[in-house]
Structure formats: C-alpha cells, structure tokens
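Chemist: In case it's useful when we look at the structure, here is the feature table from TrEMBL:
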| type | residues | note |
| --- | --- | --- |
| REGION | 1-21 | region 'Disordered' |
| REGION | 202-234 | region 'Disordered' |
| COMPBIAS | 207-227 | compositional bias 'Basic and acidic residues' |
| DOMAIN | 494-566 | domain 'SUI1' |
Amino acid sequence: MFKKSVEAKAQQRLSGADRKKLKRTIKERFPNASDSDLDTLIPPKVEITVSKHPNRLLIYSLEGGLPMFFDVDSRGTNVFPTVFALWKVPHLLPAFILKGGEVSRYVIGGADLMFPGISIDSNGLPEFVAGESWAVKVPGNPAPIAVGSTCMSTSEALKAGLRGKALKINHHYRDALWESAEGRYVPNDGFLEDVVFEDPSSQQCDDVSHADGDAMNHNGDADKGELEAGMDADSPSKMQEIPNVVQQGVVEEQSTLSVEDVDALLDKCLLQAFYTTLKDKDLPIAGSTLWANHILPCRPPGTVLDIKKSSHKKLSKWLQSKTSDGLISSKEDKHKKEIMVLTVNRKHPDYTSFKPEKQQVEKNEQTVDPANEADINRMMEVVEIYKPSVHVNPIFTSVGADTRQLYSASEASEVVFAYVEKENLVRPTNKAVVVLDAILCDALFKGAIKKGSTYPSEIHKKDLAPTFINRMQAHHQVTRGKESVVRKGGLKPLQILTERRQGNKKVTKLSGMESFLIDAEPLASELQKKFACSTSVTELPGKKGHEVLVQGGVIDVLARYLVEQYGIPKKYIEVLDKTARK
C-alpha cells in the first residue's frame with residue numbers, strides 16, 4: 001500500500017473532540033488495548049496530527065514524532081496501527097508467525113503473506129474471519145514486521161488446503177510510510193536492511209502462539225524483564241561470556257565480555273564462516289545475509305553475538321574495517337542501501353593463520369543452511385492443477401470427492417476412474433472401452449457437442465482422463481523456496497524485449513517476473529551487478545506488475561541467466577528482439 005513516497009495534501013492538529021473519537025475507534029477496533037496501552041499510543045500531553053493523502057487516506061502521528069495509525073478510507077472502519085505503534089504495544093493485534101526469518105524478505109519486499117509461509121503449531125490454525133486485522137512476526141523476535149487484513153476465514157483456509165493468500169499486507173517495515181518518519185528506528189538487532197531474524201540481544205524463541213505472540217528464551221530461562229515484548233532495543237541486557245573451551249557440548253559458565261573480547265569473537269566467527277560455509281561461488285553477498293546465514297551459525301553453541309557490544313557498533317562499519325585490513329573487498333549497494341561483500345582474500349595473514357574449529361555450530365530454526373541457501377531461495381516448481389467445474393461436479397460428488405479442492409492431473413484421473421469402477425462401466429468384452437452412462441456422458445460432452453450431433457455412447461480408456469481434465473477449470477501453482485501461490489488459468493510467460501533507442505543504443509525490458517515469485521527491485525539490483533550496467537524499475541500502466549529496464553542488448557544472456565539462476569523453464573520465457581527487424 002505504501003510503495004511510493006508518502007506526501008500529504010494537508011496536515012492539521014487533532015482537536016480535543018476528534019482526539020477522543022480516535023481513542024474510541026482504537027478501543028473498538030483493538031479490544032486487546034488497555035487504558036494504559038491507549039495512553040502509550042496516544043500520550044495525553046502530546047499533540048496528535050492528522051495528515052490527509054490521496055484516495056481518502058488519513059495518517060495519525062505524534063506531533064514531531066512517529067506515525068501511529070492510518071485510516072484507509074477516512075471512515076474509521078479500516079484503521080490500522082503502524083509498526084511503530086506495534087513496537088510500543090506488540091499485543092495490540094494477534095500475529096501470524098513466519099516459518100523463519102528468510103520468509104520476511106518477501107514481506108518486506110512488498111509481497112502479501114501466503115499460507116505456506118506461516119508456521120502452525122500443534123494447536124492448529126488459529127480462529128479468524130476474513131477482513132480481520134493481524135500482524136506478522138518472525139520467530140524469536142517480539143516486534144511485528146507488518147500489518148494487514150486476512151483474506152479468508154479459518155474454515156475457508158482449511159478447505160483450500162492452506163494454499164493461497166493469508167494476509168493482504170497494508171504496511172510493513174521499510175515501506176514508504178516507515179521511511180517517511182523522521183525519527184524512524186528499529187526495535188532490536190534482529191531488524192536488518194532487507195530481512196528480519198530473531199532478536200540476538202534477548203536470544204528468545206517464539207512459541208508460535210498466533211493469538212498473543214508470547215516468547216520464550218531459546219537457550220533456557222532468562223530475566224523476565226528482558227523478555228517483555230515492549231522492551232527498548234537500547235535497554236541493558238545480561239550478556240553472557242563466550243566460553244574459551246567447548247568440549248562434548250558442555251558450555252562453561254559465562255560472564256560479561258569486554259568490548260575487545262566481542263571484537264575478537266566477531267573476527268573468529270567471520271573466519272570460521274569463511275572456512276566452513278561461505279564459498280567463493282556465494283559471492284558477492286549482502287552483509288545482512290552474510291551475518292544471518294554464515295556468521296551467526298558459526299558462533300559457539302550457547303553464546304550471544306551482538307554487534308552493538310563491539311567497538312564498531314554497526315555491521316557495515318565492521319565489514320568496512322575488514323575491507324581496510326585487506327581481508328575482504330566490499331562496496332555499498334546504493335540500490336539496496338547496504339554493504340555488499342565482493343571477494344574474500346584467502347591469502348591474507350589473518351585467514352592463513354586461522355585454525356577453524358571442528359565443532360557443532362548452533363543453528364537457528366529460521367536460518368537456512370548456507371550451503372543450500374541459493375538453491376532453496378531460487379528453486380522453482382510449476383504444477384498444473386485443476387478445479388472441478390459444474391460439468392464434472394456430479395462425478396466428484398458420486399465418489400465422495402470434494403468439489404472445492406484443487407486436483408493434479410493424476411488425482412483427477414483417479415476420480416473419474418473411481419466412478420467408472422463404482423458404476424461398473426467397463427465393457428465386459430473389451431476392457432479398454434468405457435460405456436458412458438448419462439452422468440458421465442454429460443460430464444464429458446454436454447455443451448461440447450454441436451446441436452443435432454449424436455452423443456458418444458462409449459470412450460476409450462486412454463481418452464477418458466484427458467477429456468475429463470479438459471472439462472475442469474485450469475489453475476497453476478508456482479512454488480519458489482518457502483513461498484507458493486495458486487492462480488487461475490495457465491501460467492503467462494515472462495517476456496524479454498530488446499529495442500533500439502536514440503541512435504544505436506539498445507535497451508532490454510523484462511516483465512512478468514511477478515508470476516514466477518520474483519521481486520522486480522532485488523532482481524534489478526542483481527542484474528546491475530551481473531551485467532555491469534544501469535537498471536531501473538517502473539510500474540506497468542494499467543497492469544499489475546513492474547518492468548525492469550536493463551541498458552544494452554542482453555536479451556540472450558539474460559534469458560540464459562533466468563533459466564540457470566532462477567530455474568524458469570525455457571517454455572515460459574518469451575523473447576522478442578525488435579532490433580533485428582528491418
């Protein structure tokens with residue numbers, strides 16, 4: 001919703017009457033909010049401003065501070081809290097818990113939340129109805145990352161096999177609304193540039209309670225004051241010392257580390273990652289990905305690794321110091337606004353003198369195995385599936401199959417052959433022929449036979465399943481990593497077009513990548529590095545989706561890159577070279 005910059009048409013202070021009305025609306029919309037919560041969200045002695053935007057959007061902010069609520073249509077029926085409000089009162093909304101921190105990339109990238117990305121505990125899917133306001137959290141991090149409206153009820157979701165869209169995201173961390181706040185901040189160290197992981201300062205692990213989002217400590221009991229959901233990111237926490245000796249999984253008693261010890265531990269984990277998990281083929285790599293998928297898993301078991309406790313304070317400054325030392329080469333990606341590690345100097349004295357430890361590294365539940373990270377994130381599968389139509393519904397009903405489910409071609413074939421067996425329609429004298437009764441005949445041919453023509457009385461077994469499937473509604477399911485989506489109809493191909501501009505200059509346009517669960521912005525940044533050329537992203541007029549423009553005629557190499565790196569089958573790539581025409 002907030003993909004573009006937030007520019008107000010008008011802004012004014014909220015009157016006393018409107019202020020009371022807003023508090024009543026919040027109390028009605030969010031029954032979990034106590035009176036003290038309301039005072040936290042709307043402090044009594046702080047002025048509230050309301051800014052009016054196009055499409056009747058209203059944004060309520062603390063004067064000179066942060067946006068706290070937004071009203072989608074100015075009617076008071078679609079009021080949502082911002083992430084800043086949820087960071088102050090995390091229990092304001094029930095929350096869906098993601099399967100892992102890696103899934104947060106899609107949400108922060110602007111995608112809606114799909115059911116396959118939600119973690120469901122032993123109690124099953126929580127109760128909700130369509131249109132309810134829910135938040136989104138990462139396991140092990142009490143601070144929500146997004147807020148939106150449910151797209152269906154619990155019963156509808158179960159009937160759909162937990163497929164499709166669960167939550168339409170209205171606002172998320174790092175969108176234009178978050179960026180517009182002058183005093184914007186992040187609640188804890190788990191919030192990185194383009195992904196959110198567990199909060200490393202508290203080492204807590206979410207118990208996947210979708211109703212209240214309560215958290216538990218990942219490594220054992222912790223000070224209850226440190227586990228409060230509204231804890232300030234800068235508040236002191238009890239950090240345990242990393243043991244010098246770890247033998248047979250027994251961790252020595254820990255105490256507070258000095259800044260120098262933290263610096264040494266960071267360097268040790270970085271070199272351990274270079275030796276054990278990070279390969280040259282993984283480069284270049286974003287600093288946040290290096291930290292989450294390689295450095296953190298290489299810390300000794302039972303330890304805390306907090307960059308803020310070091311002398312560098314920030315991940316980017318630490319990596320820049322390693323660049324100055326000559327251990328790595330890096331540069332800032334202006335598109336992603338984060339540091340990228342380009343190469344590792346494996347001849348550097350620090351690298352050659354380091355002896356990696358043979359130990360079991362601690363793996364977080366949400367952390368993807370670094371060796372398989374690229375394959376998992378890029379792995380794509382396209383499956384053609386079918387939904388029963390009015391023509392074939394009687395067949396499904398007769399054999400007790402659910403007409404509201406989606407079926408693969410083999411599953412649909414089993415249904416029609418189950419009906420044939422149930423009604424004993426195979427011709428006794430020729431087992432390869434099926435005799436059509438009135439129900440099966442109508443399912444296969446009603447409306448498809450010209451008027452005046454005679455309906456068939458039998459069909460060969462080899463033609464039965466294709467004819468039956470052809471009478472169903474075609475759908476397709478695209479799965480990439482942990483994200484999956486089901487859409488009606490066939491999958492539209494990704495289009496690559498090269499054309500000539502201003503003399504002999506060529507540009508290559510890429511569109512339709514959203515159908516393959518590929519975000520345009522990250523792809524443009526990736527292509528910019530791979531092809532050493534400028535790229536840009538624009539919204540397609542009158543259509544849903546974006547177009548990535550790449551300078552130069554890279555049509556063939558781009559098509560090959562998408563096949564090799566993203567697993568897109570060649571049949572789903574449509575190539576058109578306008579520069580070849582005379």
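In case you wondered, yes, glycine gets a Cβ from its N, Cα and C as well.
Keep in mind the model is a prediction, meaning the values are calculated, not measured.
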Chemist: Report, as numbers and ranges, every residue of the chain located at least six residues beyond the region 'Disordered' (1-21) whose Cβ falls under 8 Å of a Cβ in that stretch; write 'none' if there are none.
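Modeler: Same-chain contacts beyond the flanks: 42, 47-54, 59-60, 63, 72, 76, 110, 169-171, 175-180.
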Chemist: Of the residues in the region 'Disordered' (1-21), how many are helix, strand and coil by DSSP?
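Modeler: Reading the DSSP string over the region 'Disordered' (1-21) gives 6 helix, 4 strand, 11 coil.
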Chemist: Give me the DSSP three-state residue breakdown of the domain 'SUI1' (494-566), ordered helix, strand, coil.
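Modeler: The domain 'SUI1' (494-566) comes out at 28 helix, 26 strand, 19 coil.
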Chemist: Take the domain 'SUI1' (494-566) and average the pLDDT across it for me.
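Modeler: Looking only at the domain 'SUI1' (494-566), pLDDT averages out to 85.
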